[in-house]
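Annotated in Swiss-Prot:
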type	residues	note
TRANSMEM	6-26	transmembrane segment
TRANSMEM	32-52	transmembrane segment
TRANSMEM	53-73	transmembrane segment
TRANSMEM	105-125	transmembrane segment
TRANSMEM	152-172	transmembrane segment
TRANSMEM	178-198	transmembrane segment
TRANSMEM	201-221	transmembrane segment
Amino acid sequence: MTLPEFFGCTFIAFGPPFALFVFTIANDPVRIIILIAAAFFWLLSLLISSLWYALIPLKEFLAFGVVFSVCFQEAFRYIIYRILRSTEQGLHAVAEDTRVTDNKHILAYVSGLGFGIISGMFALVNVLADMSGPGTMGLKGGTELFFVTSAAQALSIILLHTFWSVIFFNAFDTNNYIHIGYVVFSHLFVSLITLLNANELYTTTLLINYLVTILTGVLAFRVAGGTSRSFRKFITCQ
């Protein structure tokens with residue numbers, strides 16, 4: 001059963017992001033480059049977080065590392081925002097589809113998905129490697145829900161990073177500091193809540209994280225200009 005669980009959890013975590021990539025990014029080279037660049041910047045934030053966690057006192061407290069990791073991620077989200085905004089004219093000149101620069105929310109969406117995919121991969125890839133077989137006993141006989149929960153958490157963080165970038169980029173464009181604060185503090189909140197998984201409170205963390213994901217998705221939809229009317233047209237394929 002290890003191999004079916006491996007594929008099941010892989011599709012739970014990366015199925016929707018892969019579909020987003022195929023249908024909205026894969027046919028545009030500029031979007032692919034932006035996605036890869038965003039993933040690279042997230043890796044830089046992870047590198048700095050690792051160095052900080054290794055060198056600074058209090059590193060025995062995991063929450064300490066989580067807080068600074070979130071701060072570094074948001075700092076690099078701002079850096080890529082500044083880079084994309086400063087290179088819009090160049091992107092417009094080389095882009096086959098000019099919507100990528102004409103609609104600023106597309107840049108935010110693509111970079112956010114890049115952030116999310118690489119974050120989800122680093123969160124889940126070791127777990128996927130362990131579940132692919134052969135079967136092993138947990139050190140303390142952990143619950144069988146661990147793998148599915150990890151996959152669901154990874155999907156949540158991928159979607160959240162996508163939504164956060166849409167909100168974050170627009171907030172700086174419009175000087176909306178409330179939305180900037182929402183992105184930073186909801187990222188902190190979701191990350192710290194996952195620490196409860198150490199006590200096997202999986203139901204609690206999943207419910208809270210997906211509630212935040214839904215609320216953040218609605219906010220990102222409204223920020224991007226979505227309305228209830230446009231949502232109904234989307235659902236009914238009009």
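In case you wondered, yes, glycine gets a Cβ from its N, Cα and C as well.
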| Thinking of Cβ pairs under 8 Å, which stretch from 32-52, 105-125, 152-172 has the most of them with the transmembrane segment (201-221)? | 152-172
| message | If I count Cβ-Cβ pairs under 8 A between the transmembrane segment (32-52) and each of 6-26, 152-172, 178-198, which range comes out on top? | response | 6-26
| query | Same-chain Cβ contacts of the transmembrane segment (105-125) under 8 Å, 6 or more residues past its ends? | reply | 9, 13-14, 17, 20-21, 24-25, 31, 34-39, 41-43, 46, 73, 77, 80-81, 84, 88, 99, 150-151, 153-155, 157-166, 168-170, 223-225
| Under an 8 Å Cβ to Cβ limit, what residues of the same chain, 6 or more beyond the ends of the transmembrane segment (152-172), are close to it? | 12-14, 16-17, 20, 74, 77-78, 81, 84, 104-105, 107-109, 111-113, 115-117, 119-120, 123-124, 178-180, 182-183, 186-187, 190, 194, 197, 205-206, 209-210, 212-213, 216-217, 219-220, 223-224
| field | Intrachain neighbours beyond the transmembrane segment (6-26), with Cβ under 8 angstroms and 6 or more residues off its ends | value | 32, 35, 109-110, 113, 116-117, 120-121, 124, 127-128, 131-133, 147-148, 150-152, 154-155, 158-159, 162
| In the same chain, which residue numbers or ranges, 6 or more beyond the ends of the transmembrane segment (178-198), come under 8 angstroms Cβ to Cβ? | 62-63, 66-67, 69-71, 73-74, 149, 153, 156-157, 160, 164, 167-168, 170-172, 204-205, 208-209, 212, 216, 219, 223
